[in-house]
Amino acid sequence: MQKGKIIKGIGGFYYVHTRDNVIYECRAKGIFRKNGIKPLVGDDVGIEILDEKEKTGNLMEILPRKNTLIRPAVANVDQALVIFAVNRPKPNFNLLDHFLVMMEYQKVKTVICFNKEDLSTKEELEELQRIYAGCESQVLFVSAGQEKGMEAVHEILKGKTTTVAGPSGVGKSTLINRICPQASMETGEISRKIDRGKHTTRHSELFYVEEDTYLMDTPGFSSLMLPEMEKEDLQNYFPDFTPFEPFCRFQGCLHDKEPDCGIKEALAEGKISERRYQSYLEMLEELKDRRKY
Ligand code: GDP
């Protein structure tokens, strides 16, 4: 039996990338259906090779999963890399913070990568650093266009499976193509046009970069919805708020209208960023509205 990783699944076929850098087209044997387990992109699997020339095989075994993301539906993701531009376009902080909450909820570490550093001033970079200082996310500044800071991105990706997200125009394709040229067809303008025009279901797909290193494009990034949660739980996904929560007078404080709130005090003292707090309030409203309807 050979070991490999499912990098794509379409129409009952699973494409398994092995350590020898070969891709086998495999079918899942009945055992999985009986167990109720559906193989997922990202699964580490054992395959039986049927035809070495045709590169076909059978999925025999799914190794235990480290985790399973719901959106995108993929197994064994180690981290997320979210890309925004420092400028042109200006970062959409609400979208960025939505993504951070979504990943925190799914217990996946996020690295924030601000691209187009060449178009920014020192003050702008410091401001971005300050906003995300209290979050557990590492913040990187790069210029994919000018190949600046790319070693740091490479280092972060190495040996891991990373889901890469970002709105259009920020230089995500440029960055991915620098790291993984074989992914270029999927990340450029063409795939976006196909997506828009035909409403095709976007399949999750991993791209092999180097040994044990895979990248995945995160579909549906621009229309992120918060996961199902109680409004009281939202704050759990803002790690920059956590140190100040014990200073709230009321248990279950939502840090909104309540008096003697540790978060609002930290905000007034500049220990929490105004931007992050605004994102929190907007998400809180989103959760309250959801309740009403
Ligand atoms: P995507 O929509 O996020 O995939 O963005 P693209 O990779 O297509 O890039 C959008 C535009 O930004 C293109 O015109 C790129 O040439 C430009 N771009 C990408 N990276 C950089 C960068 O680091 N600096 C500057 N100034 N422009 C960049």
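The backbone N, Cα and C atoms fix where each Cβ goes, and this holds for glycine too.
Annotated GTP binding site per TrEMBL: Asn115, Lys116, Glu117, Asp118, Gly166, Pro167, Ser168, Gly169, Val170, Gly171, Lys172, Ser173, Thr174, in sequence order. As annotated by TrEMBL, Zn(2+) binding site applies to Cys248, Cys253, His255, Cys261. Residues or ranges marked as domain 'CP-type G' by TrEMBL: 66-224. What TrEMBL lists as domain 'EngC GTPase' is 75-222.
Listed binding-site residues: Asn115, Val170, His255. Those with a CB atom under 6 Å from ligand 1: Asn115, Val170. Secondary structure at Thr174 (GTP binding site), as computed by DSSP, is helix. Taken residue by residue with DSSP, Asn115 (GTP binding site) is part of a strand.
In the domain 'EngC GTPase' (75-222), the DSSP tally of helix, strand and coil residues is 61 helix, 37 strand, 50 coil. Candidate binding-site residues: Glu117, Gly166, Ser168, Lys172. Nearest to Cys261 (Zn(2+) binding site) by Cα distance: Gly166. The Zn(2+) site is set by Cys248, Cys253, His255, Cys261; from the centre of their CB atoms, other residues of the chain with a CB within 8 Å are Glu245, Arg249, Phe250, Leu254, Asp256, Glu258, Asp260, Gly262, Ile263, Lys264. All protein chains shown were included, and the count of other CB atoms within 10 Å of the CB of Ser168 (GTP binding site) stands at 12. When the binding-site residues Cys248, Cys253, His255 are compared by Cα distance to Gly166 (GTP binding site), the shortest distance belongs to His255. In the shown protein chains, 27 other C-beta atoms lie within 10 A of the C-beta of Asn115 (GTP binding site).
The two recorded residues, Ser168 (GTP binding site) and Cys248 (Zn(2+) binding site), show a Cα separation of 39 Å. Most Cβ neighbours within 10 Å, among the binding-site residues Val170, Cys248, Cys253, Cys261: Val170 holds that distinction in the structure as shown.
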